[in-house]
Amino acid sequence: MATLEESFPRGGTRKIHKPEKAFQQSVEQDNLFDISAEEGSTKRKKSQKLPAKTKKLKIEKRESSKSAREKFEILSVESLCEGMRILGCVKEVNELELVISLPNGLQGFVQVTEICDAYTEKLNEQVTQEQPLKDLLHLPELFSPGMLVRCVVSSLGITERGKKSVKLSLNPKNVNRVLSAEALKPGMLLTGTVSSLEDHGYLVDIGVDGTRAFLPLLKAQEYIRQKNKGAKLKVGQYLNCIIEKMKGNGGVVHLSIGHSEVSTALATEEQSWTLNNLLPGLVVKAQVQKVTPFGLTLNFLTFFTGVVDFMHLDPKKAGTYFSNQAVKACILCVHPRTRVVRLSLRPIFLQPGRPLSRLSCQHLGAVLNDVPVQGFFKKAGATFRLKDGVLAYARLSHLSDSKNVFNPEAFKPGNTHKCRIIDYSQMDELALLSLRTSIIEAQYLRYHDIKPGAVVKGTVLTIKPYGMLVKVGEQMRGLVPPMHLADILMKNPEKKYHIGDEVKCRVLLCDPEAKKLMMTLKKTLVESKLPAITCYADAKPGLQTHGFIIRVKDYGCIVKFYSDVQGLVPKHELSTEYIPDPERVFYTGQVVKVAVLNSEPPKERMLLSFKLLRDPEPKKEPAGHNQKKGKAINVGQLVDVKVLEKTKDGLEVAVLPHNTRAFLPTSHLSDHVTNGPLLHHWLQAGDTLHRVLCLSQSEGHVLLCRKPALVSAVEGGQDPKNFSEIHPGMLLVGFVKSIKDYGVFIQFPSGLSGLAPKAIMSDKFVTSTSDHFVEGQTVVAKVTNVDEEKQRMLLSLRLSDCGLGDLATTSLLLLSQCLEELQGVLSLMSNRDSVLIQTLAEMTPGMFLDLVVQEVLEDGSVVFSGGPVPDLVLRASRYHRGGQEVESGQKKKVVILNVDLLKLEVHVSLHQDLVNRKAKKLRKGSEHQAIVQYLEKSFAIASLVETGHLVAFSLTSHLNDTFRFDSEKLQVGQGVSLTLKTTEPGVTGLLLAVEGPAAKRTMRPPRKDSETVDEDEEVDPALTVGTIKKHTLSIGDMVTGTVKSIKPTHVVVTLKDGIIGCIHASHILDDVPEGTSPTSKLKVGKTVTARVIGGRDMKTFKFLPISHPRFVRTVPELSVRPSELEDGHTALNTHSVSPMEKIKHYQAGQTVTCFLKKYNVVKKWLEVEIAPDIRGRIPLLLTSLSFKVLKHPDKKFRVGQALRATIVGPDSSKAFLRLSLIGPHKLEKGEVAIGRVVKVTPNEGLTVSFPFGKIGTVSLFHISDSYSETPLEDFVPQKVVRCYILSTEDNVLTLSLRSSRTNPGTKSKVEDPEINSIQDIKEGQLLRGYVRSIQPHGVFFSLGPSVVGLARYPHVSQHSPSKKALYNKHLPEGKLLTARVLRLNHQKNLVELSFLPGDTGEPDVLSASLEVPLSEQEERKTEAEEKDQKGEKKNQKRNEKNQKWLEEVELPSKEKQQPQKPQAQKRGRQEHQEPGSEQERVSKKPKKAGPSEEDDSLLDVYYREGEEDGEETNMLSKEKQTKPAEAPRLQLSSGFAWNVGLDSLTPALPPLAESSDSEEDEKPHQATQKKKSKKERELEKQKAEKELSRIEEALMDPGRQPESADDFDRLVLSSPNSSILWLQYMAFHLQATEIEKARAVAERALKTISFREEQEKLNVWVALLNLENMYGSQESLTKVFERAVQYNEPLKVFLHLADIYTKSEKFQEASELYNRMLKRFRQEKAVWIKYGAFLLRRSQAGASHCVLQRALECLPSKEHVDVIAKFAQLEFQLGDPERAKAIFENTLTTYPKRTDVWSVYIDMTIKHGSQKDVRDIFERVIHLSLAPKKMKFFFKRYLDYEKQHGTEKDVQAVKAKALEYVEARSSVED
């Protein structure tokens, strides 16, 4: 960086020495480099050479000199005009305006509304809302001094004080108004402002009409990272942009703001610039046209000419310019009328986008004598040459005190004047001078010059109600508040002070940045000779000074001094005599004399006294004596010290060898925050500490530091001693001196200090500064800014700025240092006399101990005894029990994890993998998975998964790295990835390692039930208010109070003196009716009389006995029960310490009244309170026998409700009662209980859990009274089931879910009896069961849980396939079959079975799948069926086209039936089943199906005349799979099943009888008729009657399909309003291609269906539209459509027709119809969504996006989110998934709590995204702050997803997060 002298000289000693030379101004800047001012010499050299060469034509010379003078006249305010475009530099940034430095020492102002339109809109929005907008930056955040900006002069005016004011505008619309869209060209350098943030970039306002400018995110990344500190660009941010590419003739331009592109941008001829649109700040290539003494004339862009005045020549090249020289120049300004272009050749302007680096002048305010004039400009001012050769400039108005006395002759070159430097022009790098006497003699020039406490003279300007304004300088005014107008409060100040009076004031406060000056006229303060206190550091104990009282309180007076410094005079220091009421003695504004008692600068606190007589330093001699000794110690010196005594805050020590007393604070004992208190605890008097650093020394008080980092910095010379040695970018080691809300102050060893503001304190978001750092903490700071003058510096503590090299190395170094210090502590302990302490010092992590369990505590942790010394405390946490059940007296082997050196406790673990450590050689640098076992503040101890070795790793990688968000914090049990740095445990007993990336961490598996930690005790905040106050109440006292607040289980009452009491719900009524809420009986504000029955300690939540010393600090527990108020009282049992004792008084089976506190969703239990100190839990399964209640317990139970519960027993580990609402919970044989499925084992059965950890099993044979093919289909984990307990042998519960057992009263039919042993079976019995396995000698077949039969192969099937493998294929395990018992052998427990059709009456188990010859009878049957199928196939082909018309018909809710999925295999196996048997099973177990948006195959219904055979079904299903387009289908949203039970009915239908009997057998029948005997005729008659009754039954069967017009007529008569029947009737005609008949049926239906059945009618209209679309003309369709619109809701009809057009691929018609709809139904979002989907299906994504924009303009704002979400959903399904994600993300950023949008986003991502995407979204959504019910929904979804797609580990991780959420919530809930 160039020195100030180098960058400020203004061009040699010789310049222009002829008085007639008048330099002229034509300057404008856009480049950003330091400019040295040597131009003057250039011009002088030129002026010397030119006359020598051209001595002829002197007259010509004079004329040219005159014209040149005019041409190069420098700018003045008069030469500016409105509309002039000019380059400026930001000089100051205020809240509401910018001060802009213009060329030639001019200055202008930009108002906040002239930045850009978008910014002004935001400001208006903020004003309207009356609260600050989050995304609106203030001007100081958008602009910084030094920035170059393109301005346009918006107005020229005169201020109140008569000064000329230049108002500017930065608005791109004004600056770039001269450009048009057509004039834009690639490569142009423009300025613009950010107008909005979009998904993929920013919209930039460049002010050109008809042009939208877009800055892609990629092009902005470099700028954001380098210039914007990584923050996104905000609205109003000012940018220099390059046009990269253009579209649509300048309609859309793409911009770039890359530094390299902007800084090298040149304006070229190709860009077609003209004098009309030339902009300031453009860099051009130019050619010197003419060199004159006043500047240069340049030729640029081929046709244009411009001027460069002497101020803007390149200082380094001044004097070397020649004609035709090629140069680069920057356009400074363009005059709109004269078209004069002024340019600059200064290098700083030749790199656009770079700010000016030099912003101020070193000698600002200095008065200079005998300064010679360099040149004079009659319209602008004069230049002067300062002593160091640098040029300075004075404006015309500053050359004299007034225009009247101005004499131009006095400013001939060489004349000298007295002047003062008043300002600095950044654009010209010139000091600005003033020759005015008033300014030269002014006491102060700027606010910065005025210091608090200074006495100043001023002139009264005006007197206002808020105070008196006093002028104290040319540009400065101060305020004297009313309180400070005199020593006493004045009522009429205008009588004493008059405008124009001179007054002498004293400065109270001066804020130069805000230009705020507060003063006092109190005579005592103004004339006080006592030292003024302007900062807390000035307040030394004993100092006496004057101040003024600002507040009088009952505890004392608050006295204020200068710079807002204030202190407290406590009541006892107000006077030597006691003052009971200070407010009567003192008053606000009173001037007082005080003595300082104590001052704490870091805390900004001060203690004062009005007692001035006592001697502040009674012991002067010892102080002086100490001071002498202290002189031997220098700041920064390393010394050895000896501990003298310990204090609360540190160690009093003696510095060796002279025993000078000094103080070593606890925080300065170590770099590690936790090790400081540890060293303080174990160091004792007499211990010696080496290499201790002297931090400061004042008045004999020596402060020391032992931080190794600071000691190393001082030794290495990395500690600057003064501000001149400090430069931005330096890394310094220091410590936190104090913490403020706005940042932290850091002190360095030399005593220098700086501020780290909140914004650059951390890379993470800082909510509270105290969360990130603690006082005394060692930190590394990077200097970002230094102000030598004010002796201030700004620091950054961000890790990204203060990196110390490789993180792993730093992490290891910190860990090693920490452990080394701990070893030092252990060595201190080993020198103690205590055997216990010495033993602790010898214990290291990893040691094994054999211990005895002493006690298991309530929290699940274990305390051991039997250590090496008797009093040693050894404990294992609940986690480190390792899930083991332990009891007192057990012997256990444990491993030491850590020794707590403060509490003197040893933490051990019982985990088997740690205790049984494996011996394995480890490699240095190898990576291992480990589990965190113990956490310290700065390091963690983990165990390697492979071996069990204990490893230490640092939790921080930097001294500043101390803050972790909760989500980043490690937890015990969490998995981490570690890289080993040592392979042998040293003296610490630990291996050392560094942690890998956080991404490799794994969550801790959720705890088992036995390990669950109870929720934290919830505390009502209202109860903690009064806990500090003591009370004198005792148990039994009667008190009166007012109800403060009412909670569900207790009422908070305010008693006298502000004491808070509590009434529990159980102590309000004597008899509480079940279901009521007793607390609702009391109302807030009501006065109640109560009796004290106990006192609860809010720290331990225990009820203390009255004899307890802390009883006076308890919250009184009260009772308002009438019986207790009248007859005496019962105190709570407060004497038993353990809550376990209290619950022992309750017996199992006892009934109690309890009050519901909350429902724990995760643990699935109700938490209740029986009494204030007795709590209980009711597992959900014991709350009701009703499944409805169990599904929604929150609807049945409300918080605070009284419940009657039965005690089941005490909880084994907690002080809770186990309760039940359904009577005693006894899991004994014969009982019925409610359980929850935990596991489903295929072909085996279920595992069911009951409350309190009991488990039972359900066999496959006890699932139902009727076996099914898939018995376990409906059972999933967590399903609630009703169970009957069959047996409890061997502590295993055997259960049954059969309704005959669980509900014996219903007497349901038992289709499949229970077979528990061979005794339950009889020979010849027909039984069903499940195939067990295929063996060489037959098929094993399970008949019951423990009964297995055998069917030998001859009895399995009448076919004998050659391959036994076929049995395995067609008789899989678990297949349901019917078998007949052939033989029983009770002795051998053998059951022989047969599956043959002849025995069972069922079809052959293999006939459906094997092609083998059949018997004659079977053959005939099959032929008949085949013939029938052929006929059916013919019909099917004929019907295929006719099906298409019936689509998208909505069925009314009452017609909804569940469709039957055709299962080809199932039908194949059961093709010859008895009529009705399949029908029965179908009706008993309908399959569920629901509509789905994408895949409507579940709803596709095939209309067939009848299906008889599984093969037919199979064939059709194959056809459907291979040729979906050919399969005509009727889509029904309700899923109506056309073919329910067709299989079972076909054998009974009349057509079958005809085809099988009459046709084939007619002739033989006639031939043999005569020969029949009477018996045969009788048999025939009976057969005919049977056949007739069979036909009648078939006709009466509701499931039978109609087959003729008569059938349909009969059906529609019985159900005239059923649209489905009418549609089937139409379909029947269409199959016969009778279109007119189908139309007639539709018309008949429309007349017949009741007018109330709107949906039914609409279904028919839709069918008619379909029919006309397929078979009719456009005219007939239009007519039907118009009628339909007339009779129905128009929108529905329009939508249906649009769908019909789309499906029949009439896209043109569909598009026209949608456009009609958009006009007619523009307020209906469904129309916009359907049209968007239509366009996306047609691959018209662009059009769809336009539709979305139009929709948002037309629809009300409340619909916007839904519409956007729906369009995003459509994008996922039909368009671009990435765009869909962007839409969702954008929506959720604005509406983060729209759970419906989250849910859809999750669904879509599951369907279309990767698993990582899905998990990322779930992770985000479970960290939202939503209602518990909504969070439960998302956790359940996450869990279901992981169960389906993740591993067991993933599932457990989700459960852990859910548990964590619930526990976190329960801890903060009331």
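Backbone N, Cα and C define each Cβ position, glycine as well.
TrEMBL annotations:
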REGION    1-62  region 'Disordered'
COMPBIAS  43-59  compositional bias 'Basic residues'
DOMAIN    83-171  domain 'S1 motif'
DOMAIN    187-258  domain 'S1 motif'
DOMAIN    281-346  domain 'S1 motif'
DOMAIN    365-436  domain 'S1 motif'
DOMAIN    453-522  domain 'S1 motif'
DOMAIN    542-611  domain 'S1 motif'
DOMAIN    636-707  domain 'S1 motif'
DOMAIN    729-798  domain 'S1 motif'
REGION    998-1018  region 'Disordered'
DOMAIN    1036-1109  domain 'S1 motif'
DOMAIN    1149-1222  domain 'S1 motif'
DOMAIN    1230-1298  domain 'S1 motif'
DOMAIN    1324-1396  domain 'S1 motif'
REGION    1410-1529  region 'Disordered'
COMPBIAS  1417-1458  compositional bias 'Basic and acidic residues'
COMPBIAS  1468-1483  compositional bias 'Basic and acidic residues'
REGION    1548-1586  region 'Disordered'
COMPBIAS  1575-1586  compositional bias 'Basic and acidic residues'
Listed stretch, out of 187-258, 281-346, 542-611, 636-707, 1149-1222, that has the most CB pairs under 8 angstroms to the domain 'S1 motif' (1230-1298): 1149-1222
Helix, strand and coil residues within the domain 'S1 motif' (636-707) as assigned by DSSP: 11 helix, 37 strand, 24 coil
Cβ pairs under 8 Å between the domain 'S1 motif' (542-611) and the domain 'S1 motif' (729-798), at least three: yes
Within the domain 'S1 motif' (542-611), residues counted as helix, strand or coil by DSSP: 10 helix, 35 strand, 25 coil
Region pair the domain 'S1 motif' (281-346) / the domain 'S1 motif' (636-707), three or more CB pairs under 8 Å: no
Across the domain 'S1 motif' (453-522), average pLDDT on the 0 to 100 scale: 88
Helix, strand and coil counts within the compositional bias 'Basic and acidic residues' (1575-1586) (DSSP): 12 helix, 0 strand, 0 coil
Residues in the domain 'S1 motif' (453-522) grouped by DSSP into helix, strand and remaining coil: 6 helix, 34 strand, 30 coil
